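Asks: Quick paste from TrEMBL:
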type     : residues  : note
DOMAIN   : B:68-258  : domain 'ABC transmembrane type-1'
TRANSMEM : B:12-36   : transmembrane segment
TRANSMEM : B:64-92   : transmembrane segment
TRANSMEM : B:104-123 : transmembrane segment
TRANSMEM : B:135-159 : transmembrane segment
TRANSMEM : B:180-202 : transmembrane segment
TRANSMEM : B:238-259 : transmembrane segment
Amino acid sequence: MTIVAESIILPQRRSTAGRLSDFLWRHPHVLLAIFLGPPLLWLGIVYLGSLFALLLQSFFSIDDFSGLVNYEFTLATYRQLLSGANLDIIIRTVTMAAVVTLVSALVAFPIAYYAARYARGKWKALFYLAVMLPLWSSYLVKIYAWKLILAKEGILTWIFQKLNLLWLIDAWLSLPLVGGNSLSVSYTGTFIVFVYVWMPFMILPIQAALERVPASLIEASSDLGGTPSQTFRHVLFPLALPGIVAGSIFTFSLTLGDYIIPQIVGSSRLFIGQAVYAQQGTAGNIPLAAAFTVVPIVIMGAYLWMARRMGAFDAL
Amino acid sequence: MRSEKSNPAPLGLKLAAGAGLAFMHLPILLIFLYAFTTEEKSYQFPPPGLTTQWFAVAWSRPDVWAALTLSVKVASIATAVALVLGTLCAAAVSQTRFFGRETISLLVILPIALPGIITGIALRSAFSMADIPFSFWTIVLGHATFCIVVVYNNAVARFRRISGSLIEASMDLGADGFQTFRYIILPNIGTALLAGGMLAFALSFDEVIVTTFTAGQQSTLPIWMLEELIRPRQRPVTNVVAMVVVMVTFLPILGAYYLTRDGDQIAGAGK
(Lines of atoms letter the chains of each structure in order from A and count residues from 1; the text may use other names and numbers.)
(Lines give C-alpha, C1' and ligand atoms only; values in the text may rest on other atoms or scores of the structure.)
Protein backbone atom coordinates (compact mmCIF):
# COMPACT_ATOMS: atom_id res chain seq x y z
CA MET A 1 0.00 0.00 0.00
CA THR A 2 2.61 2.50 1.07
CA ILE A 3 4.80 1.47 -1.83
CA VAL A 4 2.01 2.12 -4.31
CA ALA A 5 1.22 5.51 -2.77
CA GLU A 6 4.83 6.52 -2.80
CA SER A 7 5.28 5.53 -6.41
CA ILE A 8 2.27 7.61 -7.37
CA ILE A 9 3.30 10.70 -5.45
CA LEU A 10 7.00 10.36 -6.10
CA PRO A 11 7.56 8.47 -9.31
CA GLN A 12 11.17 7.41 -9.68
CA ARG A 13 13.05 9.48 -12.19
CA ARG A 14 14.81 7.58 -14.91
CA SER A 15 17.83 9.71 -15.73
CA THR A 16 20.94 9.81 -13.56
CA ALA A 17 20.62 13.58 -13.21
CA GLY A 18 17.03 13.15 -12.09
CA ARG A 19 17.91 10.54 -9.53
CA LEU A 20 20.80 12.64 -8.27
CA SER A 21 18.48 15.62 -7.98
CA ASP A 22 15.96 13.55 -5.98
CA PHE A 23 18.71 12.29 -3.73
CA LEU A 24 19.84 15.84 -3.01
CA TRP A 25 16.28 16.94 -2.35
CA ARG A 26 15.87 14.20 0.24
CA HIS A 27 19.26 14.88 1.79
CA PRO A 28 19.59 18.65 2.02
CA HIS A 29 22.70 18.32 4.15
CA VAL A 30 24.56 16.73 1.28
CA LEU A 31 23.50 19.59 -0.96
CA LEU A 32 24.65 22.10 1.64
CA ALA A 33 27.98 20.34 1.92
CA ILE A 34 28.41 20.52 -1.85
CA PHE A 35 27.55 24.23 -1.81
CA LEU A 36 29.74 25.16 1.10
CA GLY A 37 32.55 22.68 0.63
CA PRO A 38 34.69 24.44 -1.99
CA PRO A 39 34.42 28.00 -0.63
CA LEU A 40 34.95 26.85 2.95
CA LEU A 41 37.87 24.70 1.94
CA TRP A 42 39.58 27.72 0.43
CA LEU A 43 38.53 30.57 2.73
CA GLY A 44 38.08 28.68 5.96
CA ILE A 45 41.04 26.36 5.79
CA VAL A 46 43.69 27.76 3.46
CA TYR A 47 43.08 31.47 4.05
CA LEU A 48 42.24 31.43 7.75
CA GLY A 49 44.89 28.79 8.29
CA SER A 50 47.60 30.94 6.77
CA LEU A 51 46.38 33.94 8.77
CA PHE A 52 46.71 32.00 12.01
CA ALA A 53 50.07 30.63 10.95
CA LEU A 54 51.20 34.19 10.39
CA LEU A 55 49.92 35.36 13.76
CA LEU A 56 51.59 32.40 15.43
CA GLN A 57 54.94 33.51 14.01
CA SER A 58 54.74 36.69 16.08
CA PHE A 59 55.27 34.60 19.23
CA PHE A 60 58.58 33.34 17.91
CA SER A 61 61.71 35.42 17.78
CA ILE A 62 64.68 35.84 15.55
CA ASP A 63 68.14 34.84 16.60
CA ASP A 64 70.34 37.93 16.57
CA PHE A 65 73.45 36.07 15.48
CA SER A 66 72.29 33.55 12.93
CA GLY A 67 69.31 35.53 11.66
CA LEU A 68 67.20 32.37 11.77
CA VAL A 69 63.79 32.08 13.36
CA ASN A 70 63.91 30.55 16.82
CA TYR A 71 60.77 28.43 17.18
CA GLU A 72 60.17 28.86 20.88
CA PHE A 73 57.30 30.67 22.49
CA THR A 74 58.43 34.10 23.58
CA LEU A 75 57.08 37.61 23.97
CA ALA A 76 60.43 39.14 23.03
CA THR A 77 59.17 40.15 19.59
CA TYR A 78 56.31 42.07 21.15
CA ARG A 79 58.70 43.76 23.51
CA GLN A 80 60.69 44.80 20.46
CA LEU A 81 57.48 45.98 18.79
CA LEU A 82 56.52 48.26 21.65
CA SER A 83 59.85 49.98 22.04
CA GLY A 84 61.53 53.00 20.53
CA ALA A 85 61.34 53.42 16.79
CA ASN A 86 58.74 50.70 16.30
CA LEU A 87 56.34 52.33 18.74
CA ASP A 88 56.87 55.60 16.87
CA ILE A 89 55.81 53.89 13.65
CA ILE A 90 52.62 52.62 15.28
CA ILE A 91 51.74 56.01 16.80
CA ARG A 92 52.49 57.79 13.52
CA THR A 93 50.28 55.42 11.53
CA VAL A 94 47.37 55.49 13.95
CA THR A 95 47.49 59.30 14.16
CA MET A 96 47.54 59.55 10.38
CA ALA A 97 44.62 57.10 10.08
CA ALA A 98 42.61 59.08 12.63
CA VAL A 99 43.22 62.46 10.95
CA VAL A 100 42.53 61.02 7.49
CA THR A 101 39.26 59.54 8.76
CA LEU A 102 38.19 62.80 10.36
CA VAL A 103 38.91 64.92 7.29
CA SER A 104 37.36 62.32 4.97
CA ALA A 105 34.16 62.54 6.99
CA LEU A 106 34.18 66.35 6.71
CA VAL A 107 34.65 66.25 2.93
CA ALA A 108 32.25 63.37 2.35
CA PHE A 109 29.37 64.65 4.48
CA PRO A 110 28.19 67.52 2.21
CA ILE A 111 28.32 65.26 -0.86
CA ALA A 112 26.36 62.52 0.90
CA TYR A 113 23.90 65.02 2.34
CA TYR A 114 23.23 66.65 -1.02
CA ALA A 115 22.83 63.26 -2.72
CA ALA A 116 20.49 62.00 0.01
CA ARG A 117 18.26 65.02 0.42
CA TYR A 118 18.32 67.18 -2.69
CA ALA A 119 19.36 65.07 -5.69
CA ARG A 120 16.35 63.52 -7.43
CA GLY A 121 15.79 61.24 -10.39
CA LYS A 122 18.43 61.63 -13.04
CA TRP A 123 20.66 63.73 -10.80
CA LYS A 124 20.61 61.07 -8.14
CA ALA A 125 21.84 58.44 -10.61
CA LEU A 126 24.49 60.87 -11.80
CA PHE A 127 25.62 61.54 -8.25
CA TYR A 128 25.82 57.83 -7.56
CA LEU A 129 28.00 57.27 -10.61
CA ALA A 130 30.10 60.33 -9.77
CA VAL A 131 30.91 58.69 -6.45
CA MET A 132 31.29 55.17 -7.78
CA LEU A 133 33.71 55.93 -10.61
CA PRO A 134 36.46 57.51 -8.49
CA LEU A 135 35.85 54.88 -5.81
CA TRP A 136 36.54 52.06 -8.24
CA SER A 137 39.08 53.64 -10.53
CA SER A 138 42.59 52.33 -10.32
CA TYR A 139 44.33 52.83 -6.99
CA LEU A 140 47.74 53.28 -8.60
CA VAL A 141 46.44 55.71 -11.20
CA LYS A 142 44.98 57.83 -8.41
CA ILE A 143 48.33 57.94 -6.65
CA TYR A 144 50.02 58.66 -9.95
CA ALA A 145 47.68 61.60 -10.56
CA TRP A 146 48.81 63.13 -7.28
CA LYS A 147 52.42 62.59 -8.15
CA LEU A 148 51.74 64.74 -11.21
CA ILE A 149 49.92 67.35 -9.14
CA LEU A 150 52.38 67.60 -6.26
CA ALA A 151 55.52 67.58 -8.40
CA LYS A 152 57.59 70.76 -8.08
CA GLU A 153 57.00 71.64 -11.73
CA GLY A 154 53.38 70.44 -11.49
CA ILE A 155 49.98 72.05 -11.57
CA LEU A 156 49.74 72.98 -7.90
CA THR A 157 52.89 75.10 -7.96
CA TRP A 158 51.70 76.65 -11.22
CA ILE A 159 48.32 77.65 -9.74
CA PHE A 160 49.88 79.16 -6.63
CA GLN A 161 52.38 80.98 -8.80
CA LYS A 162 49.63 82.51 -10.92
CA LEU A 163 47.85 83.61 -7.76
CA ASN A 164 51.10 85.00 -6.35
CA LEU A 165 50.68 82.75 -3.36
CA LEU A 166 53.84 80.71 -3.68
CA TRP A 167 55.03 82.04 -0.32
CA LEU A 168 52.08 80.23 1.24
CA ILE A 169 53.38 76.82 0.14
CA ASP A 170 56.88 77.75 1.30
CA ALA A 171 55.59 78.90 4.65
CA TRP A 172 53.62 75.68 5.07
CA LEU A 173 56.60 73.54 4.09
CA SER A 174 58.83 75.30 6.60
CA LEU A 175 56.54 74.20 9.43
CA PRO A 176 57.89 71.38 11.55
CA LEU A 177 56.32 67.89 11.20
CA VAL A 178 53.90 68.65 8.33
CA GLY A 179 56.56 70.37 6.23
CA GLY A 180 59.51 69.13 4.25
CA ASN A 181 61.57 69.81 1.15
CA SER A 182 58.56 69.73 -1.16
CA LEU A 183 54.94 68.70 -0.94
CA SER A 184 55.60 65.31 -2.50
CA VAL A 185 58.04 64.32 0.25
CA SER A 186 56.11 65.70 3.23
CA TYR A 187 53.43 64.35 5.54
CA THR A 188 51.10 66.91 4.00
CA GLY A 189 51.44 65.17 0.63
CA THR A 190 50.92 61.72 2.15
CA PHE A 191 47.88 63.00 3.99
CA ILE A 192 46.27 64.56 0.89
CA VAL A 193 46.73 61.38 -1.13
CA PHE A 194 45.34 59.23 1.69
CA VAL A 195 42.25 61.43 1.91
CA TYR A 196 41.85 61.43 -1.86
CA VAL A 197 42.11 57.67 -2.24
CA TRP A 198 40.00 56.57 0.75
CA MET A 199 37.44 59.39 1.09
CA PRO A 200 35.01 57.98 -1.55
CA PHE A 201 34.50 54.94 0.71
CA MET A 202 32.94 57.29 3.26
CA ILE A 203 30.23 58.77 1.04
CA LEU A 204 27.91 55.84 0.38
CA PRO A 205 27.51 54.70 4.01
CA ILE A 206 26.78 58.29 5.14
CA GLN A 207 24.32 58.69 2.28
CA ALA A 208 22.58 55.44 3.25
CA ALA A 209 22.24 56.63 6.85
CA LEU A 210 20.97 60.08 5.84
CA GLU A 211 18.41 58.62 3.46
CA ARG A 212 16.77 56.87 6.37
CA VAL A 213 16.18 60.17 8.20
CA PRO A 214 12.60 61.22 7.39
CA ALA A 215 12.28 64.79 6.10
CA SER A 216 9.45 65.38 8.57
CA LEU A 217 11.91 64.99 11.41
CA ILE A 218 13.95 67.93 10.14
CA GLU A 219 10.79 69.96 9.65
CA ALA A 220 9.57 69.09 13.12
CA SER A 221 12.83 70.35 14.55
CA SER A 222 12.55 73.69 12.80
CA ASP A 223 8.84 73.93 13.65
CA LEU A 224 9.82 73.61 17.27
CA GLY A 225 12.14 76.58 16.87
CA GLY A 226 15.44 74.83 16.20
CA THR A 227 17.91 76.86 14.16
CA PRO A 228 19.58 74.98 11.29
CA SER A 229 22.72 74.48 13.33
CA GLN A 230 20.70 73.17 16.30
CA THR A 231 18.81 70.81 13.98
CA PHE A 232 22.10 69.59 12.63
CA ARG A 233 23.66 69.04 16.03
CA HIS A 234 20.71 67.46 17.80
CA VAL A 235 18.82 65.65 15.02
CA LEU A 236 20.74 65.09 11.84
CA PHE A 237 24.23 64.39 13.15
CA PRO A 238 23.28 61.78 15.77
CA LEU A 239 21.20 59.95 13.15
CA ALA A 240 24.01 60.09 10.58
CA LEU A 241 26.65 58.96 13.06
CA PRO A 242 26.25 55.20 12.41
CA GLY A 243 26.88 55.91 8.72
CA ILE A 244 29.99 57.95 9.50
CA VAL A 245 31.30 55.19 11.75
CA ALA A 246 30.58 52.59 9.04
CA GLY A 247 32.50 54.68 6.50
CA SER A 248 35.32 55.27 8.93
CA ILE A 249 35.85 51.51 9.17
CA PHE A 250 37.06 51.63 5.58
CA THR A 251 39.11 54.81 5.76
CA PHE A 252 40.73 53.82 9.04
CA SER A 253 41.51 50.23 8.12
CA LEU A 254 42.76 51.04 4.64
CA THR A 255 45.05 53.81 5.93
CA LEU A 256 46.42 51.57 8.67
CA GLY A 257 47.55 48.88 6.27
CA ASP A 258 48.67 50.87 3.27
CA TYR A 259 52.33 50.80 2.34
CA ILE A 260 52.35 52.09 -1.22
CA ILE A 261 51.09 55.66 -0.72
CA PRO A 262 53.65 56.64 1.95
CA GLN A 263 56.35 55.01 -0.14
CA ILE A 264 55.56 57.02 -3.24
CA VAL A 265 54.38 60.32 -1.78
CA GLY A 266 55.92 60.97 1.58
CA SER A 267 58.95 61.34 3.77
CA SER A 268 61.30 58.47 4.55
CA ARG A 269 59.71 57.91 7.95
CA LEU A 270 57.93 54.55 7.93
CA PHE A 271 54.28 53.59 8.40
CA ILE A 272 53.09 50.18 9.66
CA GLY A 273 52.58 48.78 6.17
CA GLN A 274 56.08 49.77 5.10
CA ALA A 275 57.55 48.34 8.29
CA VAL A 276 55.82 45.01 7.64
CA TYR A 277 57.04 45.02 4.07
CA ALA A 278 60.62 45.83 5.05
CA GLN A 279 60.70 43.31 7.91
CA GLN A 280 59.44 40.40 5.86
CA GLY A 281 61.44 41.32 2.78
CA THR A 282 64.92 42.76 3.09
CA ALA A 283 65.27 42.35 6.86
CA GLY A 284 63.91 38.80 6.79
CA ASN A 285 62.49 39.19 10.28
CA ILE A 286 59.18 37.37 9.84
CA PRO A 287 58.31 37.32 13.58
CA LEU A 288 58.56 41.10 13.82
CA ALA A 289 56.62 41.52 10.55
CA ALA A 290 53.91 39.25 11.97
CA ALA A 291 53.86 41.23 15.21
CA PHE A 292 53.42 44.42 13.19
CA THR A 293 50.43 42.94 11.35
CA VAL A 294 48.85 42.12 14.70
CA VAL A 295 48.59 45.87 15.42
CA PRO A 296 46.04 46.71 12.68
CA ILE A 297 44.16 43.48 13.39
CA VAL A 298 43.81 44.31 17.09
CA ILE A 299 42.94 47.96 16.43
CA MET A 300 40.38 47.03 13.77
CA GLY A 301 38.94 44.31 16.00
CA ALA A 302 38.34 46.83 18.79
CA TYR A 303 37.04 49.34 16.27
CA LEU A 304 34.60 46.89 14.70
CA TRP A 305 33.38 45.86 18.13
CA MET A 306 32.66 49.48 19.01
CA ALA A 307 31.08 50.14 15.62
CA ARG A 308 28.81 47.17 16.08
CA ARG A 309 27.63 48.48 19.44
CA MET A 310 26.79 51.78 17.76
CA GLY A 311 24.74 50.01 15.11
CA ALA A 312 27.06 51.02 12.30
CA PHE A 313 26.65 47.72 10.46
CA ASP A 314 23.04 48.51 9.60
CA ALA A 315 24.31 51.46 7.59
CA LEU A 316 26.67 49.38 5.48
CA MET B 1 6.68 65.28 0.66
CA ARG B 2 5.79 68.35 -1.33
CA SER B 3 7.83 70.64 0.84
CA GLU B 4 11.00 68.77 -0.20
CA LYS B 5 10.80 70.13 -3.69
CA SER B 6 10.10 73.71 -2.74
CA ASN B 7 13.21 73.77 -0.56
CA PRO B 8 16.26 74.37 -2.73
CA ALA B 9 19.62 73.32 -1.34
CA PRO B 10 21.45 76.02 0.63
CA LEU B 11 24.26 77.65 -1.34
CA GLY B 12 26.92 76.59 1.14
CA LEU B 13 25.92 72.96 0.82
CA LYS B 14 25.95 73.17 -2.98
CA LEU B 15 29.41 74.67 -2.95
CA ALA B 16 30.77 72.12 -0.46
CA ALA B 17 29.31 69.18 -2.39
CA GLY B 18 30.54 70.59 -5.69
CA ALA B 19 34.02 71.18 -4.33
CA GLY B 20 34.09 67.66 -2.95
CA LEU B 21 33.10 66.17 -6.30
CA ALA B 22 35.66 68.34 -8.10
CA PHE B 23 38.32 67.12 -5.66
CA MET B 24 37.40 63.55 -6.59
CA HIS B 25 37.36 64.01 -10.35
CA LEU B 26 39.87 66.67 -11.41
CA PRO B 27 43.00 64.62 -10.61
CA ILE B 28 41.75 61.81 -12.86
CA LEU B 29 41.02 64.25 -15.67
CA LEU B 30 44.56 65.57 -15.31
CA ILE B 31 45.85 62.10 -16.24
CA PHE B 32 44.05 62.43 -19.56
CA LEU B 33 45.78 65.74 -20.25
CA TYR B 34 49.21 64.37 -19.40
CA ALA B 35 48.81 61.50 -21.86
CA PHE B 36 49.11 64.12 -24.62
CA THR B 37 51.98 66.23 -23.31
CA THR B 38 55.16 66.64 -25.34
CA GLU B 39 57.31 66.94 -22.22
CA GLU B 40 59.04 63.67 -21.40
CA LYS B 41 61.49 64.43 -18.63
CA SER B 42 59.25 66.01 -16.02
CA TYR B 43 55.63 66.58 -15.00
CA GLN B 44 55.67 70.17 -16.22
CA PHE B 45 52.40 72.10 -16.14
CA PRO B 46 51.03 73.54 -18.36
CA PRO B 47 52.28 71.06 -20.98
CA PRO B 48 54.56 72.82 -23.48
CA GLY B 49 52.72 71.16 -26.36
CA LEU B 50 50.27 68.42 -27.19
CA THR B 51 50.91 65.30 -29.24
CA THR B 52 49.41 61.86 -29.83
CA GLN B 53 52.73 60.18 -30.53
CA TRP B 54 52.94 58.48 -27.11
CA PHE B 55 49.98 56.30 -27.98
CA ALA B 56 51.97 54.82 -30.86
CA VAL B 57 55.04 54.46 -28.61
CA ALA B 58 53.03 52.70 -25.90
CA TRP B 59 51.34 50.52 -28.52
CA SER B 60 54.67 49.20 -29.78
CA ARG B 61 56.03 48.36 -26.34
CA PRO B 62 56.24 44.61 -25.73
CA ASP B 63 56.57 44.94 -21.94
CA VAL B 64 53.31 46.89 -21.74
CA TRP B 65 51.55 44.27 -23.83
CA ALA B 66 52.97 41.41 -21.77
CA ALA B 67 51.80 43.05 -18.54
CA LEU B 68 48.39 43.82 -20.01
CA THR B 69 47.83 40.27 -21.28
CA LEU B 70 48.89 38.80 -17.97
CA SER B 71 46.50 41.12 -16.10
CA VAL B 72 43.59 40.24 -18.37
CA LYS B 73 44.31 36.51 -18.06
CA VAL B 74 44.63 36.66 -14.28
CA ALA B 75 41.50 38.78 -13.92
CA SER B 76 39.45 36.47 -16.18
CA ILE B 77 40.38 33.26 -14.38
CA ALA B 78 40.17 34.82 -10.91
CA THR B 79 36.72 36.14 -11.82
CA ALA B 80 35.61 32.70 -13.02
CA VAL B 81 36.79 31.08 -9.79
CA ALA B 82 35.18 33.83 -7.71
CA LEU B 83 31.92 33.45 -9.63
CA VAL B 84 31.67 29.74 -8.83
CA LEU B 85 32.72 30.01 -5.18
CA GLY B 86 30.78 33.22 -4.51
CA THR B 87 27.56 31.87 -6.03
CA LEU B 88 27.85 28.60 -4.09
CA CYS B 89 28.33 30.56 -0.86
CA ALA B 90 25.44 32.89 -1.64
CA ALA B 91 23.14 29.97 -2.51
CA ALA B 92 23.98 28.18 0.70
CA VAL B 93 23.53 31.26 2.88
CA SER B 94 20.28 32.46 1.33
CA GLN B 95 18.52 29.20 0.48
CA THR B 96 19.22 27.11 3.54
CA ARG B 97 19.46 27.47 7.27
CA PHE B 98 22.38 26.08 9.14
CA PHE B 99 24.50 26.66 12.19
CA GLY B 100 27.10 29.38 11.70
CA ARG B 101 25.38 31.05 8.76
CA GLU B 102 26.35 34.52 9.98
CA THR B 103 29.97 33.52 10.25
CA ILE B 104 30.12 32.72 6.54
CA SER B 105 29.43 36.34 5.61
CA LEU B 106 32.20 37.47 7.93
CA LEU B 107 34.59 34.90 6.48
CA VAL B 108 33.88 36.02 2.93
CA ILE B 109 34.38 39.70 3.79
CA LEU B 110 37.55 39.13 5.81
CA PRO B 111 40.06 39.09 2.90
CA ILE B 112 38.92 42.56 1.93
CA ALA B 113 38.27 43.95 5.41
CA LEU B 114 41.79 43.20 6.56
CA PRO B 115 44.51 45.39 5.05
CA GLY B 116 45.77 43.89 1.79
CA ILE B 117 49.28 43.54 3.15
CA ILE B 118 48.08 41.05 5.77
CA THR B 119 46.26 38.89 3.22
CA GLY B 120 49.31 39.11 0.99
CA ILE B 121 51.83 38.02 3.59
CA ALA B 122 49.58 35.29 4.96
CA LEU B 123 49.14 33.79 1.49
CA ARG B 124 52.81 34.18 0.72
CA SER B 125 53.87 32.31 3.83
CA ALA B 126 51.22 29.66 3.13
CA PHE B 127 52.53 29.14 -0.39
CA SER B 128 56.13 28.90 0.74
CA MET B 129 55.20 26.55 3.59
CA ALA B 130 53.46 24.26 1.10
CA ASP B 131 56.42 24.56 -1.26
CA ILE B 132 54.27 25.97 -4.04
CA PRO B 133 56.47 28.05 -6.37
CA PHE B 134 55.16 31.50 -7.22
CA SER B 135 53.54 31.43 -10.61
CA PHE B 136 50.57 32.58 -12.63
CA TRP B 137 48.34 30.35 -10.50
CA THR B 138 49.43 31.79 -7.17
CA ILE B 139 48.44 35.24 -8.45
CA VAL B 140 45.07 33.88 -9.55
CA LEU B 141 44.45 32.22 -6.18
CA GLY B 142 45.32 35.41 -4.32
CA HIS B 143 42.98 37.45 -6.47
CA ALA B 144 40.12 34.95 -6.30
CA THR B 145 40.30 35.10 -2.49
CA PHE B 146 39.26 38.74 -2.32
CA CYS B 147 37.07 38.71 -5.46
CA ILE B 148 34.64 36.20 -3.91
CA VAL B 149 33.12 38.92 -1.75
CA VAL B 150 31.84 41.12 -4.61
CA VAL B 151 30.20 38.18 -6.38
CA TYR B 152 28.81 37.00 -3.07
CA ASN B 153 27.35 40.42 -2.17
CA ASN B 154 25.61 40.77 -5.52
CA ALA B 155 24.32 37.19 -5.59
CA VAL B 156 23.03 37.23 -2.00
CA ALA B 157 21.08 40.42 -2.67
CA ARG B 158 19.46 38.84 -5.73
CA PHE B 159 18.75 35.48 -4.09
CA ARG B 160 16.81 37.32 -1.41
CA ARG B 161 14.51 38.71 -4.05
CA ILE B 162 13.72 35.38 -5.73
CA SER B 163 10.52 34.19 -4.16
CA GLY B 164 10.63 30.64 -2.84
CA SER B 165 7.29 29.82 -4.44
CA LEU B 166 8.84 30.10 -7.91
CA ILE B 167 11.22 27.28 -7.12
CA GLU B 168 8.46 25.22 -5.50
CA ALA B 169 6.22 25.76 -8.53
CA SER B 170 8.98 24.49 -10.80
CA MET B 171 9.41 21.41 -8.64
CA ASP B 172 5.63 20.83 -8.52
CA LEU B 173 5.55 20.89 -12.29
CA GLY B 174 7.98 18.03 -12.36
CA ALA B 175 11.31 19.72 -12.95
CA ASP B 176 14.26 18.24 -11.14
CA GLY B 177 16.80 20.33 -9.26
CA PHE B 178 19.06 20.84 -12.25
CA GLN B 179 16.21 21.90 -14.52
CA THR B 180 15.00 24.31 -11.85
CA PHE B 181 18.46 25.76 -11.62
CA ARG B 182 18.80 26.03 -15.40
CA TYR B 183 15.37 27.51 -16.15
CA ILE B 184 14.32 29.33 -12.99
CA ILE B 185 17.26 30.29 -10.82
CA LEU B 186 19.90 31.09 -13.41
CA PRO B 187 17.78 33.53 -15.45
CA ASN B 188 16.86 35.29 -12.21
CA ILE B 189 20.36 35.69 -10.84
CA GLY B 190 22.06 36.07 -14.24
CA THR B 191 22.39 39.84 -14.29
CA ALA B 192 23.52 39.93 -10.66
CA LEU B 193 26.24 37.42 -11.45
CA LEU B 194 27.28 39.38 -14.51
CA ALA B 195 27.48 42.57 -12.45
CA GLY B 196 29.40 40.81 -9.69
CA GLY B 197 31.73 39.28 -12.25
CA MET B 198 32.43 42.65 -13.84
CA LEU B 199 33.25 44.21 -10.49
CA ALA B 200 35.44 41.25 -9.59
CA PHE B 201 37.24 41.68 -12.90
CA ALA B 202 37.81 45.38 -12.24
CA LEU B 203 39.00 44.63 -8.71
CA SER B 204 41.46 41.99 -9.88
CA PHE B 205 42.65 44.00 -12.86
CA ASP B 206 43.63 46.83 -10.51
CA GLU B 207 45.00 44.90 -7.54
CA VAL B 208 48.60 45.53 -6.57
CA ILE B 209 49.19 44.91 -2.87
CA VAL B 210 48.33 41.21 -2.67
CA THR B 211 49.91 40.70 -6.09
CA THR B 212 53.32 41.94 -4.97
CA PHE B 213 53.35 39.09 -2.45
CA THR B 214 51.94 36.29 -4.58
CA ALA B 215 53.64 37.03 -7.90
CA GLY B 216 57.02 35.61 -8.78
CA GLN B 217 58.87 37.19 -11.65
CA GLN B 218 55.78 38.08 -13.66
CA SER B 219 54.49 41.59 -13.64
CA THR B 220 50.83 42.42 -14.02
CA LEU B 221 49.90 45.86 -15.28
CA PRO B 222 49.58 47.35 -11.76
CA ILE B 223 52.99 45.93 -10.83
CA TRP B 224 54.42 47.47 -13.99
CA MET B 225 52.88 50.80 -13.01
CA LEU B 226 54.14 50.55 -9.45
CA GLU B 227 57.68 50.14 -10.74
CA GLU B 228 57.23 53.18 -12.94
CA LEU B 229 55.95 55.12 -9.94
CA ILE B 230 58.94 54.23 -7.80
CA ARG B 231 61.55 54.63 -10.54
CA PRO B 232 60.07 56.65 -13.41
CA ARG B 233 61.73 55.68 -16.67
CA GLN B 234 59.33 56.40 -19.51
CA ARG B 235 56.93 58.97 -18.13
CA PRO B 236 54.93 59.49 -21.34
CA VAL B 237 54.29 55.76 -21.73
CA THR B 238 53.16 55.58 -18.09
CA ASN B 239 50.81 58.51 -18.71
CA VAL B 240 49.20 56.71 -21.65
CA VAL B 241 48.92 53.42 -19.75
CA ALA B 242 47.36 55.23 -16.77
CA MET B 243 44.75 56.78 -19.03
CA VAL B 244 43.94 53.43 -20.66
CA VAL B 245 43.64 51.78 -17.24
CA VAL B 246 41.14 54.45 -16.13
CA MET B 247 39.01 53.83 -19.20
CA VAL B 248 39.24 50.04 -18.97
CA THR B 249 38.08 50.05 -15.34
CA PHE B 250 35.24 52.50 -16.01
CA LEU B 251 33.50 50.15 -18.45
CA PRO B 252 32.79 47.29 -16.00
CA ILE B 253 31.66 49.77 -13.33
CA LEU B 254 29.18 51.40 -15.69
CA GLY B 255 28.04 47.97 -16.91
CA ALA B 256 27.54 46.67 -13.38
CA TYR B 257 25.61 49.80 -12.48
CA TYR B 258 23.17 49.43 -15.36
CA LEU B 259 22.67 45.74 -14.62
CA THR B 260 21.77 46.21 -10.96
CA ARG B 261 20.18 49.65 -10.83
CA ASP B 262 16.59 48.35 -10.58
CA GLY B 263 17.40 46.33 -7.51
CA ASP B 264 18.97 47.18 -4.25
CA GLN B 265 22.14 48.93 -5.20
CA ILE B 266 24.49 46.42 -3.76
CA ALA B 267 26.93 46.51 -6.64
CA GLY B 268 29.37 48.91 -5.13
CA ALA B 269 28.65 48.58 -1.47
CA GLY B 270 32.22 48.52 -0.28
CA LYS B 271 35.06 47.60 -2.50
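Placed from the backbone N, Cα and C atoms, the Cβ positions cover glycine too.
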Asks: Check the transmembrane segment (B:64-92) against each of B:12-36, B:104-123, B:135-159, B:238-259 and return whichever range has the most CB pairs under 8 Å.
Replies: B:135-159
Asks: Counting only residues 6 or more past its boundaries, what in the same chain has a CB within less than 8 Å of a CB in the transmembrane segment (B:12-36)?
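Replies: Apart from its flanks, the transmembrane segment (B:12-36) reaches 43, 47, 50-52, 54-55, 236, 239-240, 242-243, 246.
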Asks: Which sequence-distant residues neighbour the transmembrane segment (B:135-159)? Criterion: at least 6 residues beyond either end, Cβ under 8 Å.
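Replies: 70, 73-75, 77-79, 81-83, 85-87, 89-91, 93-95, 105, 108-109, 111-112, 116, 119-120, 123, 127, 188-189, 191-193, 195-197, 199-200, 203-204, 207, 210-211, 213-216, 218, 220, 260, 263-264, 266-267, 269-270.
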